[in-house]
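Down below is the structure, laid out as structure tokens.
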């Protein structure tokens, strides 16, 4: 917080200096814009935290009192979305759903809360982030932490009907995490999941999931991205040959997964001092988990004297060899990095794992070249946004045993139902935070209205209603002023404010003659003047023709 306040002060001094020296107008405009962006960032940081606001500028949003004396603010880790923001979010959802459907996805829904026992023990060290609810009528429930475990429970309950399914699910999930609002790290947020359930030949559905993820991130226009991939069996093999006891494999895996946020020295310290791993084993692990590359890394690992003969690792390496072959065919390899530091802390993954990161999504880099360590804002449990990055925007992997955990076991101790699964999950809030940084709110069209009906010279509201009705009946999105005698300028202002591309203009004379005028509101071409005249009977066809050209 102090860092951004200092940047605002420095930028303000710079602007004042440029103005006093009568610098080039364009230069001043650019620097003022940069100052406003910094102020907006500070506002976003302080709007939900009165203690974070500067002493001379108390946070307005938190100081509002309702008539009953309530403090009007959002619960920590949640936020409201404006019409402009929702327009961006709806575009995100429609883009992702379009890709999911193109690949044959069908959707389901599950309750926002599950029995506590369904969620318990599935998320490793992150289980502490689950929101538990009060006992209601003898059932202990928790808010869902993700959409994967509820999907596995759904399959366990409906396995006979859905042995094979490509399912997508877009819904809110809840985690009692340390929020960093401007980086899309929240306690209530949407996930967009696409999963392929069923028994298929090795790595075929896995490769298509990576293709789906690549298509989504490309279509969203997020810029350059990398999909880091690894395999749980390779990791488990590495831990075995390095001397990690079987009962410590998952907890050591969780430590390794922090390498995208922490330097190796900190991760090693956690493994040895906090989790009791032999320092020699930790050093051996370090020789492996810092490796990354492409298909060529597979050859190096196959040739490794210890790892190449480990049964678990060999199985994982064989899977990855097949995967790279399919990714070449699907034109995804260019986005992929084989990264042995990727571990994914969730306990239910059994095979391929992956996560997608963008340019600039890592934590800020300090002057000494190290990544900044996440710190908590003083007096709160919220993260200081200036010390964290956006992180991964999507993740996923293979989880072959999760459905079986819910199906019970037979006399031989084997699950009654086994449905292998693989899937991806896209974090909407992180995608949204990145897209909002790329555009200005005033440039976002918050509605989809295509035509505004403008009445001139006292044209009745009934006449404007009639034209709107004709447009609506033709499937054209249209509006008119809710005034009996609206001012002409107010109607033009509505077109500009809502970025409505076309106006249908009617006056008393036009109605009598069966005429209307159409004006392109995006163009300032004087040749249009008051609009181009058309017979009323041609209005729909002409509007449709123009809309088709947008």
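Quick reminder: no glycine exception, Cβ is built from N, Cα and C everywhere.
As the structure is a computational prediction, the values presented were derived from the model and not from experiment.
A simple way to gauge crowding: the CB of residue 349 (L-histidine binding site) has 26 other CB atoms within 10 angstroms, across all the protein chains here. Residues annotated as L-histidine binding site in TrEMBL: 146, 147, 148, 175, 191, 195, 344, 348, 349.
Look at TrEMBL and you will find 57-66 tagged as compositional bias 'Basic and acidic residues'.
According to TrEMBL, the domain 'WHEP-TRS' annotation covers 1-56.
Mean pLDDT, taken over the domain 'Aminoacyl-transfer RNA synthetases class-II family profile' (77-437), works out to 88 on the 0 to 100 scale. If you look up TrEMBL, you'll see 77-437 marked as domain 'Aminoacyl-transfer RNA synthetases class-II family profile'.
Taken from TrEMBL, the feature region 'Disordered' covers 1-20 (among others).
The region 'Disordered' annotation in TrEMBL covers 46-68 (among others).
Ranked by Cβ neighbours within 10 A across all protein chains shown, the binding-site residues 148, 191 are led by 148.
The number of other Cβ atoms within 10 Å of the Cβ belonging to residue 146 (L-histidine binding site), over all protein chains shown, comes to 19. For residue 344 (L-histidine binding site), the Cβ neighbour count at a 10 Å cut-off comes to 23, with all displayed protein chains included.
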